[in-house]
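Participant: Next up is a structure, given as structure tokens.
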Amino acid sequence: MTTVPLDPGSSASNAPLSVIDRAPVNSRHRLFVMLIALAVFFDFFDLMLSGSVTAALLSSGWSTRELNVVFLSATGLGGVISNLVAGALADRFGRLRVLRGALLLLGLGTLACAAAPTMELLIVARFVASLGMAAVPAVGLTLMVELLPVAVRGRWTGISGVISTSSLFAAALAGYLLLPWGGWHWMFIIPGTGCIVLYFLTAVLPESPRWLATRGRHEAARQALSQMRVEQDGPILASDTSARPSGAPVERLFTRALARPLVLGVLLAVCFNVATTGFLTWLPTLLLERHLSISNTLAYNLMMSLGIPIGGLARTLFADRISRKAGIIGAAIVALLLAAVFPFTDGHTLIGVGFLLQVALGVLSSMIMGLYLPELYPTNVRARATALSMATVRLLLVFLPFLLLTLLNAAGVVGVMAVVGICLLVIVFAMLTLGIETSGKSLDRS
């Protein structure tokens, strides 16, 4: 067990649970990151199969454009409910319990999708699955950043991002291999089974010691630190940090002090996810609009999808070397330029530009969703604040398919990519005007 004693005279001891920030990464950290990353992998796989499955069902005549839009909107509506409820529950009852419950619900709901005999029942099952789908990344990534030392938080969340965003390529590969043969049921069986398995495996995870300490559960926090093989020789909370008793109500979310990070977090989450959904989820449909066959569409989608995990891998190389603001702004500008070019390309150029755009989106995904959002908020409200940002996203995703379908019918690929470009431009503006630098800073602040 790694023992990191607190020096009462050091500045590090003036922050609660600073021992986590100063502890070296050990095998337990790696295990926890791997399990949470795999949970998010199957969650994202489940989410990202939407584009390929709906395109295949449309091509086969089993569904229509209108039913596909309802399918996507049902996913968004369930996500709104999931984020609002899961965030509040995670701040009140703990991150781990909510994460495992969401995995179980997502797994069972997705397996029900595989068994759906009609498109209408598939939509109902998808809504049930989405009640767990939205909670897994919001709560799981919150737990991950709270378990990691500050000096390597960027690198290890980046590694997690490579694993989790590889799900896009995995979903595209599964679609390429299975969908031409009518194997859409297996597209749901794969992530559904994965989530059920992860529900049992995540039983070894500790609850967040940071959350336990802020709830006044000091002995449980010590046990969680021991489970992480990090031992604290000193008080769990510093004398200048107020802890609430375990039965106390959670702190208010809407305060003057939290106004700026909340506005920034919502803007970033909304714009990034609308841009990503507008491109990734609708990419197979956009390719079909170019009169490609379903097999060529799935092949193009497969080749481009390699960009997302490569972008996440690239982010690990500079995550702790440059500021969060510089990384997000730079990646957003590159993505904006590529999005502007994409509608006017074809053939190999289309694949190349689409691939590079996904690399840039992979960097943004890893930086914004996997790292920056949870870092913006103090521990007492982190899960709710992160979930609020995602709930706003999911609410917009209820209506986004109708908007994108209208734009697709009216302006084709150019209309959809215009929405992507506007969202990326807003990300740049938001970071320039409201951006808060979180690099190298402790998560333990009130």
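Each position is counted from 1, following the chain as shown.
Glycine is treated like the rest: Cβ placed from N, Cα and C.
In case it helps, TrEMBL gives these features for our protein:
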TRANSMEM  31-49  transmembrane segment
DOMAIN    32-439  domain 'Major facilitator superfamily (MFS) profile'
TRANSMEM  69-90  transmembrane segment
TRANSMEM  102-125  transmembrane segment
TRANSMEM  131-152  transmembrane segment
TRANSMEM  159-178  transmembrane segment
TRANSMEM  184-205  transmembrane segment
TRANSMEM  262-282  transmembrane segment
TRANSMEM  294-314  transmembrane segment
TRANSMEM  326-344  transmembrane segment
TRANSMEM  350-373  transmembrane segment
TRANSMEM  385-404  transmembrane segment
TRANSMEM  410-436  transmembrane segment
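Locate each feature and note its surroundings.
Facilitator: Counting same-chain residues at least six beyond the ends of the transmembrane segment (102-125), those with a Cβ under 8 angstroms from any Cβ of the stretch are 39, 42-43, 46, 57, 62-63, 67, 70-71, 74, 82, 86, 131-133, 135-136, 139, 185-189, 191-196, 198-199, 202.
Long-range contacts of the transmembrane segment (131-152) within its own chain (CB-CB distance under 8 A, at least 6 residues past either end) are made by residues 20-25, 29, 32-33, 36-37, 39-40, 43-44, 46-47, 75, 78-83, 85-87, 90, 95-96, 98-99, 101-107, 109, 160, 164, 195, 205-206, 208-211, 228, 320, 369-371, 373-375, 379, 382-383, 386-387, 390-391, 394, 440-443.
Taking Cβ pairs closer than 8 Å, the transmembrane segment (184-205) reaches residues 31-32, 35-36, 38-39, 41-43, 45-46, 49, 52-53, 56-57, 96, 99-100, 103-104, 106-111, 113-115, 129, 132, 136, 143, 171, 174-175, 178 in its own chain, all 6 or more past its ends.
When Cβ-Cβ distances below 8 Å are used as the criterion, the transmembrane segment (326-344) is approached by residues 268, 275, 279, 311, 315, 318-319, 350, 353-354, 356-357, 360-361, 363-364, 367-368, 372, 412-414, 417, 420-421, 424-425, 427-428, 431-432, 435 of the same chain, each at least six residues removed from its ends.
Tertiary proximity for the transmembrane segment (385-404) is limited to same-chain residues at least six positions away from its ends with a CB under 8 Å from its CB atoms, namely 68-69, 72-73, 75-80, 82-84, 86-88, 90, 134-135, 137-139, 141-142, 253, 258, 261-262, 265-266, 268-270, 273-274, 277-278, 282, 373-374, 376-377, 416, 419.
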Participant: Is the transmembrane segment (159-178) packed against any residues at least 6 beyond its ends, judged by a Cβ distance under 8 Å, and which are they?
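Facilitator: Beyond its ends, the transmembrane segment (159-178) has Cβ neighbours at 33-34, 36-38, 40-45, 48-49, 52-53, 56, 137, 141, 144, 184, 186-187, 190, 280, 298-299, 301-302, 304-306, 308-309, 311-313, 315-316, 358, 362, 365-366, 370-371.
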